[in-house]
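Notes follow the structure.
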């Protein structure tokens with residue numbers, strides 16, 4: 001038999017299956033993908049660079065703009081890093097408000113993902129349903145923060161707005177609606193014959209590979225890793241709560257690490273978030289929500305701060321990490337963001353290999369990629385008007401040089 | 001000479017009617033899908049606006065396409081879709097070219113619009129279109145089996161019942177298969193009804209069988225490089241094909257007319273039957289296309305193959321066996 005020639009199908013940088021630009025190159029034989037490669041970094045915004053000329057309070061606003069979905073993830077991680085350096089103690093009530101808003105974010109993010117996943121499978125009815133259901137979480141977020149997208153609720157040393165008693169009732173009503181809907185959503189996603197047949201056994205990521213590739217969040221938990229920052233290193237109000245990482249076993253199945261398991265984990269995490277918010281609302285301590293109301297005083301404290309710290313937060317997609325270094329000046333001298341997508345995207349070549357071409361969109365979507373979270377640095381030589389792509393060795397050398405400069 | 005005049009005149013009238021009705025049907029489809037998804041949806045006449053806009057747009061031929069093939073295919077697709085209508089009876093109106101072709105010819109003609117899409121896809125030279133064209137070929141091979149099984153089962157049973165010329169469209173219109181069969185035959189016909197309801201979305205490349213055009217995988221697949229007038233022609237051919245496919249299913253399995261029940265004759269009967277036929281086409285299109293595409297996710301091409309060949313092909317075989325058993329039990333063979 002004649003050997004079949006491989007055929008290259010490019011996906012992206014602009015493609016209807018991708019909501020953000022990334023370039024994926026698939027080598028296919030027939031319908032089977034024999035190898036896959038991807039090139040991230042198709043959008044450049046230079047947010048980290050902008051941050052290095054601003055003070056920490058201004059950067060909190062900037063962090064909100066890193067991602068369009070994770071409105072609180074980046075600001076929370078950044079604020080926690082600065083609070084550690086400047087030795088600021090966040091009031092207990094603020095911790096609870098932070099937890100509530102972070103969990104609402106998880107609900108809306110997972111529902112958004114569920115809709116996108118359904119759309120990638122060609123199931124538009126479920127897409128519209130999931131997004132309609134998501135609206136209620138967005139309304140609750142708007143009620144609490146005043147905004148639907150860039151919440152801007154986190155401040156260094158606490159939160160900007162308190163959750164009043166009147167709001168409790170409305171939030172609980174929203175959560176009760178979600179509880180009623182949850183069963184329906186579970187049936188639609190997990191018991192639909194076509195979704196099961198399309199998702200079971202596709203995009204396999206074994207426990208060993210998930211660990212070796214350092215995946216985080218639902219992507220890792222679907223492969224059986226129990227890593228969950230909220231449980232392993234409790235912060236905000238998570239230490240007071242009874243939490244368990246959600247594994248695919250929640251739905252009574254064994255852990256396969258396939259696309260279906262990733263759906264199971266995310267759907268059940270929505271239910272878990274509802275419980276967390278209820279617990280937080282019931283046990284919220286009284287008191288202020290901000291360590292210091294006057295911004296000038298916060299800034300003065302930050303200006304006195306010296307040192308470096310890492311702020312971490314379990315975002316809907318997994319662990320998000322902000323490294324901040326300050327040296328008694330207005331702006332931090334170093335700020336590095338490692339969004340959860342950085343840890344998850346590089347499993348694409350692994351899980352795409354051997355897949356059917358038809359399953360590419362759902363497998364790509366199953367790690368819940370957030371590309372705007374990962375794109376922040378561009379190196380463009382304006383004189384030569386070309387963009388340089390660094391090799392790993394060059395980047396390592398640059399980072400050594402920068403560390404040396406910082407130490408001087 | 002007479003038949004040529006009838007053919008030319010009939011083609012023009014039918015083409016206009018079918019295009020208008022096909023586009024309205026597509027509007028109805030979009031509207032109902034929207035309501036089922038709790039959306040408002042576009043206006044009923046949105047497809048007309050879409051086509052008008054497409055015809056006003058620039059026609060772009062990709063650099064590595066084969067231009068004449070690329071440009072010829074949309075015309076062939078529309079022409080063959082209209083040609084199918086020439087062989088189909090509408091209500092109590094006999095087909096224009098009914099004497100010159102039969103069901104088998106319609107089966108062949110139904111393939112041509114898809115084949116035009118495949119050739120157009122390959123000619124466009126885009127990797128997405130190539131993959132889409134491969135998939136379209138596979139699904140063409142897949143749905144032909146149950147469709148042919150359905151046609152053969154009905155025609156064989158009519159032949160067994162002593163009906164002359166069982167493959168002729170005129171015969172199928174005048175003699176309902178439901179009238180000649182016994183209880184087992186009714187079961188078989190119900191099976192065929194289910195099969196045709198599943199073949200229709202496949203034939204029309206609608207979800208869950210839209211893998212050749214899968215927007216999220218292939219960015220539109222076969223049609224990815226088509227734009228302007230060419231895309232408009234393909235849209236029209238798709239609309240006409242929807243009418244043809246629904247009408248074909250109706251003639252095979254739901255051939256009743258309203259006029260005998262109302263005791264009408266002449267022009268009144270023709271008008272009443274035509275309106276009833278149009279309603280049946282809308283009903284069939286809504287049930288087998290709109291509802292199915294609302295409640296299902298897209299199949300993988302391997303699943304399409306499995307469903308058509310194993311499940312529906314098996315059902316077709318069962319239906320044929322049931323038809324034979326029915327004829328045997330009634331003692332006609």
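Each residue, glycine too, has its Cβ placed from N, Cα and C.
Summarising the annotation, TrEMBL assigns Mg(2+) binding site to A:48, A:337. Around the Cβ of residue A:337 (Mg(2+) binding site), the number of neighbouring Cβ atoms within 10 Å comes to 22. In the three-state DSSP scheme, residue A:337 (Mg(2+) binding site) is classed as strand.
If you look up TrEMBL, you'll see A:67, A:70, A:370 marked as Ni(2+) binding site. Residues near residue A:70 (Ni(2+) binding site) in space but far in sequence (CB under 8 A, at least 6 apart, same chain), listed by position: A:105, A:109, A:315, A:316, A:317, A:320, A:339, A:370, A:373. In the three-state DSSP scheme, residue A:70 (Ni(2+) binding site) is classed as coil.
As annotated by TrEMBL, Fe cation binding site applies to A:70, A:373.
Summarising the annotation, TrEMBL assigns domain 'NADH-quinone oxidoreductase subunit D' to A:121-376. Model confidence over the domain 'NADH-quinone oxidoreductase subunit D' (A:121-376) stands at 86, taken as the mean pLDDT rounded to a whole number.
Take the binding-site residues A:370, A:373: by the count of other Cβ atoms within 10 Å of each Cβ, the lowest one is A:373. If you count neighbouring Cβ atoms within 10 Å for each of the binding-site residues A:48, A:67, the highest count belongs to A:67. Neighbouring residues of the recorded Ni(2+) site, listed in sequence order and excluding A:67, A:70, A:370, comprise A:66, A:68, A:69, A:73, A:74, A:109, A:315, A:317, A:339, A:341, A:372, A:373 (Cβ within 8 Å of the Cβ centroid). With respect to their backbone Cα atoms, residue A:337 (Mg(2+) binding site) and residue A:67 (Ni(2+) binding site) stand 12 Å from each other.
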